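Step one of this worksheet: look at the structure below.
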């Protein structure tokens, strides 16, 4: 560590040094005199009362205190006023057992912000070179037909279907009002809610299958329909539970208030949550400038996602064979080549929807609970990933499927399988219906998560290492699974269009 010792600094601080350390100079002088006197063979002076030993003890204590003060200040940055007494050669430079920052015992106790910044810089530099090289070699490959074809503007049935979906929450509200006034019985309520929620999904499916619409339009409609279905189930289930609590004789400390409010239903249908409750935590105000910044980020990352799909993923998929029918080594090469751009698109999709869009919606509605995801990137098992990456769906599953199954005597393992089964059905609807292909690839992929949960849990218990479990998760889920699904659906879609032509 460099110490400034220019003549100007030393000269300007000489007075301060002599004044602030006069006591220390006297102490050092007395210690040196006693040391030299002892070395010359003369006995230390004794006072008349015979307390010479006590004087020696005091001298030793003072000497020890001075040395400890010097040692404590040895590692501090010296200023011009204490340079005479710090960093002396006699002060030890090594006083504790320490490990290197990158050793296995200390690596996770350090901050790696600098290395993270380095990785970002290298990632941007490498991918920028690859983008320039791709544009020079293949040119501009982006086409609008994949996203919005000439028939997209004529997809009015899908648009009208989206506009009519709010009819189903209104019907559910009417049912709850009728049962609140004791006009209908409880079994009739359950039957009517089942009809309403089922129709809310089947109606968009039928419209999608009857119209040969653009892929993006079909996916948007099915996502909207699935969200409406999940909200309707939560609305009916929660109101049923509140009615049962209000009628129960043993209420305890729980508030049994049961009120059917159209305002609470309307807020719930547009809020970024799938679990109904009569009130939500709210923020005090809307940060308009913050919303504008998030919208700009949303536009930028959506454009980046479209660029990667058109410029990288589409050419790779078009030059591939069906992964289950062609050469095995060639299929593996295509899957690995597709894995990197597919991972980028998936991360952009997650950031755009779960972070940007849901936070924008929550800010505009002053919705307070914004835990839309947890640190799923640190997941050590597949089970941890599914519990952390989509918190609205996870809370819905736990509240309306998993614990109701346990309360009805269903074993824990069976309840988990039922939750994955519901998830698999809706994944298949959101992908297969817009593609007009029912090969059950998405359904099989989600149900395959059940044995993966058991395998990754076993490996985690065996290796007892978070790094091993996290690497296995990333390889299975992002490097192998998703690219395989993309290839399967693409080739089945191309085969269907070829037969239609």
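Backbone N, Cα and C atoms are what each Cβ position is placed from, and that goes for glycine too.
The region 'Disordered' feature in TrEMBL is assigned to 1-59. Annotation comment: TrEMBL describes 12-42 as compositional bias 'Low complexity'. Taken from TrEMBL, the feature compositional bias 'Basic and acidic residues' applies to 43-59. Under the heading transmembrane segment, TrEMBL lists 115-136, 156-175, 187-207, 213-233, 295-313, 343-365, 414-434, 440-459, 471-491. Summarising the annotation, TrEMBL assigns active site to 427.
If one looks beyond the transmembrane segment (156-175) by at least 6 residues along the same chain, the residues whose Cβ comes under 8 Å of a Cβ in the stretch are 184, 189, 192-193, 196-197, 199-200, 203-204, 207-208, 210-211, 213, 217-218, 220-221, 224-225, 228, 231-232, 235-236, 260, 262, 265, 269. In this chain, the transmembrane segment (343-365) lies apart from the transmembrane segment (213-233): fewer than three C-beta pairs between them fall below 8 angstroms, excluding pairs fewer than 6 positions apart. Residues 313, 317, 320-324, 331, 334-336, 338-339, 342-343, 346, 379-382, 384-385, 431, 435, 437, 439, 441-442, 445, 452, 456, 459 of the same chain lie 6 or more positions beyond the ends of the transmembrane segment (471-491) yet place their CB under 8 Å from a CB of it. Counted as Cβ pairs under 8 Å, contacts with the transmembrane segment (440-459) are highest for 414-434 among 115-136, 187-207, 213-233, 295-313, 414-434. The listed stretches are 187-207, 213-233, 295-313, 414-434; of these, 295-313 has the most Cβ pairs under 8 Å to the transmembrane segment (115-136).
Cβ atoms under 8 Å from those of the transmembrane segment (213-233) belong to residues 146-149, 151-152, 155, 157-158, 161-162, 165, 168-169, 172, 193, 196-197, 200-201, 203-205, 207, 268-269, 274, 276, 393, 396, 400, 426, 429-431, 433-435 of the same chain, restricted to positions at least 6 beyond its ends.
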